[in-house]
Structures are given as C-alpha cells and as structure tokens.
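Student: The structure that follows is given in the form of structure tokens.
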Amino acid sequence: MQVHRTKLLAASGGTLLFGILFGWVLFPQILKFMISKQVTLKPGTDVRELWSATPFPLHFYIYVFNVTNPDEVANGGKPRVQEVGPFVFDEWKDKYDLEDDVVEDTVSYNMRNTFFFNEKASSPLTGEEVITLPHPLLQSIGISVQRERAAMMELIAKALAIILPDAKPFLTAKFMDLFFRGINVDCSSEEFASKALCTVFYTGDVKQAKQVNQTHFLLSFLGQSNHTDAGRFTVCRGVKNNKKLGMVVKFADEPELDMWLGDECNRFVGTDSTVFAPGLKREDGLWAFTPDLCRSLGAVYKHKSSYHGMPSLRYTLDMGDIRMDEKLHCFCDDPEDLETCPLKGTMNLNRCVGGPLIASMPHFYNGDPKLVQDVDGLNPNQKQHEVFIDFEPISGTPFQAAKRMQFNMDMEPVEGIEPLRHQRKVIMPMFWVEEGVQLNKTYTNMVKHTLFLGLKFNAGLRWMLITFSLIGLMSAGYLFFKESDSLDVTMPPKIIKESNKVANQPTFAKQQQHQDQQSQSQATAAPNVPIPGVDLSNVKVELRERF
C-alpha cells in the first residue's frame, strides 16, 4: 500500500506541474511561434493576399453640413448648419506595383482607393441633393494669400473675379458635383492675373483639381482620390521581426516627412492602418500613419469588448490637445508660442494640404467647447462620433472599426476680396466621413476555428489536468493520513520462536511439567505444625499466581 501511495502522489504532482507549465507557459509560446510564422507579408501567405487586395468593400459614409443661412454668415452672422447624410459608398482598397526587398525585409507598393455610390444604402438620398458649403476655392485662396502673401492680394483678387465670376462666400451645388464630378474652373482668360493664378492648377499644386482640357479644370473634394494613387509606401514584411509587421519605413520614397517643425512630428509611427502585428500589448496602442493628415495617430486601449462572441479589446482615439503635449508642439505654427497651436481637438492642415483646413472629430467631439458654441446645429456624442477599433491582439485582427474625421474651413474676414470682407472668424464645419469595417462570418470563423478553438482546447485541457491532479493529491494525502492513524504491533522474532516451541511440545512433556508444578506446590505449602487451640485439619490452602 505504501508503494501505491507514493506513486499516486508523484503522478498527481507531475500532472499538476505539467498542466501549469503547458497551459500557461508552453502553449502560449507555441501559439505565438505559429502565428509569427503565418502572419507575415511574405509572398504566398494568406495574410499577404488579403492585405494586397481587400476581398470585401469597406463602408464609406459622407455627412455634409448644409449652411442654412449663408447670406447672414457672409455679413458676420453666426453660422447655422444642418447635417445631411449619410451618402454611402462602397470603398475597395488594393495595392499595386509591389516590390519586395528580401534583405531589408520590406515591401513597397502604391495604395489605391476606389469608391462606388451605394444607392440602396444611401436611400432616400440620391446624391443629387443641393448643398451649400463654404466656397472651397474662393475661401482657401483668399485666406491663404492674406496670411502668407498679402502683397499679392490685389492681383489674386482680380484673378478670382475672372476665374470665378459672381462667386460668393458660399457655394451651392449638387452633392455629387461638389465631391466627385467637380465644379468648373475656367482658365481660358488671357489676362495676366488669371494666367498667374491658373499656374498652380497646371503644375498640379491643387491636388483636388482635374484637368479636362487645355483651359478647364474640375474641382472636387474626393474626385481626384477615386481610383487614383494615394501614395507609395514602404513597410516591413515582418518575416525577420514579426513585431515590425506593417510598420511604415518610407512614404513617397522618403524616410520621414519634412513639413512640420520638429522631428517628433515628422516621424512615421505605426502601419498604413490595413495590417497590425500580432501579440501587441495594451499599452503599445494602435498606431497608423495617415497621409490625408500628414501625421501618425495612435489609438489607446479603453476597455474589453467582444465581437460575435469572441473577446476583443476596444481602442479609441481623438485629436488630443496639442498645447498640453510638449512633444506635439511641432504641430503649432510656432512651437515657442503656444497661442499659435490649434484648439483642443483640432489640427491645422495648412502645411499638409496648402489651404486653411482644420481636421477634428465629427461635430467637434472631445474638442474645445468654443468650437461647438460658435456654430448652431452641432450635437457631438460618443456613439456616433468617436473613433474606435475592436481588436484581437493575439492574431492582430481588427474585428470592427470606425475611422471618423471632420474637415473644417478656418474662415476669417479677407479685406482684399469683397465677398469675404464681412464674414466672421470661425472654424466652419463642412463635412465629415466615416470609414467603417465589420468582418463577416467568413473571416471571423477563420479566426474562431484557428485561434479560439485552440485557446478553448488549451483552457479545457489545463483545467482538466489540474483537477485530476488535485483529486490525486487529496487521495494520496487521505491514504497517508489513514495509515498513520492506525497502530501495527509486531512481536520480536525470538519471542515468537519460543512461543511456537512451547506450543509444539508433546503431551508427556506437558504431563511432566504438571507433576513438577504439583511437587513445587507441595514443597512450598506450610508445614503441619500443631498450634495450641487451633485446628488446622480443615484449612484449605489455595495457591495464587504472582503477577
């Protein structure tokens, strides 16, 4: 029994140790190793195929702020806006001209976004709705010249009057014309002022303009972004170092930007937002470089979440407060003067796009309260206007995300241009967009069957081993306790031998022994001596054993 108790104790202890080591140490390392070998941008892998051409469209929503009192605002009144939308588009993402560098473990490519209007999802909106917005060309040129080239104001004012006859501070046009088809810009005039201004169109400095013939251009917010090159990236493939998967190394063949007033703001941090490395820690955040903003933005962990029954982590981001973060002072017009920094929740895009544009969260969510107070019709709230991503960190899979951004005109009075002379200084919201994705069951099942079933198997196995080992340990302990509580009496071998010898003596020996005992009794009996007055004839003497 003692041998069995020891074996049971050893087996149970070994099972307990194996369950702990395998469940919490070995299995996670094995899983991490397997994922690191599969999740790379090496040619031929599933991840490379999905990354290079997204097999499903993203949802792209556009919400427009229709100005309902344009004449009043032009005369210095408070703007009043009405949100119109969403206009829904299917956005397809693909990468082309891919070039791998095995030595550097990088891949270079051109990014392309293609938009298709989704009539069904946009209904009842058709895209032909008439919208009133700040005039994108008149406002941006007039304000930029006043701030940076005031000496040229007279020439520019004359050119604008020729190119944009009868232009007003606010432009009223159909949604599709404003955003995709374009509004006409006439550069056919032979006037010197007109030719001087139109030079920026012919050289391509106005990125939102598309040349249709020798003298005319079409200007739109997103027309030039549709099915065109969005920039050339160079990113890490993650073969040699999986932690660097997707990290941007170069953009436009440059290792960093050169437009901001500090290295911290010019650095590339994170990926191109279409892929993330597996095994990221919560405190690392999710960083991505955004060419539209000419900067990198990082989402921070907020809380645990779930998607289709699978656990995930929710990350959120906003524009922050540049004034309060010393590392971001390079985004100010003058890093030494905090008064030149943008308001909380905004970012000045003038250096990025060459115009008085301000980026923010939709409806100025999480921004300076003054931004909302200056415009009627805004209603910021977390559910509709927060940027978030539900992320599975082990595999690096984003389950669902909503990337939202609002674009605003940084308006101010322009003395040199009559239509803009009396307007008030205000950050005027124009439109906001949402790029959303939700993985369907086809792709969530891939994660579920390859990752979470393995995790569940590991959890079940380790707890089963621990349970059985604890039962075994308790059983062994009970057996030890039971045996130690009982008393085993063992006679010495010599006594046992003598006892057996006496027990085996023949009958005559026992009779002889009995006779000897009788003789001894008689010898020890009291002598028969007469005592006067005492009759001892009838006295019986009993022999008693002495103990």
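Placed from the backbone N, Cα and C atoms, the Cβ positions cover glycine too.
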Student: Tell me which of C236, C332, C341, C352 Swiss-Prot records as disulfide-bonded to C294.
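Tutor: Looking through C236, C332, C341, C352, the record in Swiss-Prot gives C352 as the partner of C294.
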Student: According to Swiss-Prot, the disulfide involving C265 connects it to which residue among C198, C330?
Tutor: C330
Student: Which candidate, C236, C332, does Swiss-Prot give as the disulfide partner of C341?
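Tutor: Checking Swiss-Prot, the candidate bonded to C341 through a disulfide is C332.
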Student: Express the distance between the Cα positions of C265 (disulfide bond) and N226 (N-linked glycosylation site) as a whole number of Å.
Tutor: 28
Student: If you count Cβ atoms within 10 Å of each one, which of the glycosylation sites N66, N213, N226, N440 comes out on top?
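Tutor: Comparing the glycosylation sites N66, N213, N226, N440, the most crowded Cβ belongs to N66.
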Student: Hey, which of the disulfide-bonded residues C294, C330, C332 is the loneliest by Cβ count within 10 Å?
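Tutor: Comparing Cβ neighbour counts within 10 Å for the disulfide-bonded residues C294, C330, C332 gives C330.
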Student: Using C294 (disulfide bond) as the reference point, find which of the recorded positions C332, C341, N440 has the shortest Cα-to-Cα distance to it.
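Tutor: So, spelling it out, the nearest of the recorded positions is C332.
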Student: Name, in the order they occur in the sequence, the residues of the same chain whose CB lies under 8 A from the CB of C341 (disulfide bond) and which sit 6 or more residues away.
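Tutor: Listed in sequence order, they are I322, R323, H329, F331, C332, D333.
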Student: Looking only at the topological domain 'Extracellular' (29-460), report the model's average pLDDT.
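Tutor: So the average pLDDT across the topological domain 'Extracellular' (29-460) works out to 92.
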Student: Counting Cβ atoms within 10 Å of each candidate's own Cβ, which of the disulfide-bonded residues C265, C352 comes out highest?
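Tutor: In terms of Cβ crowding, the pick is C265.
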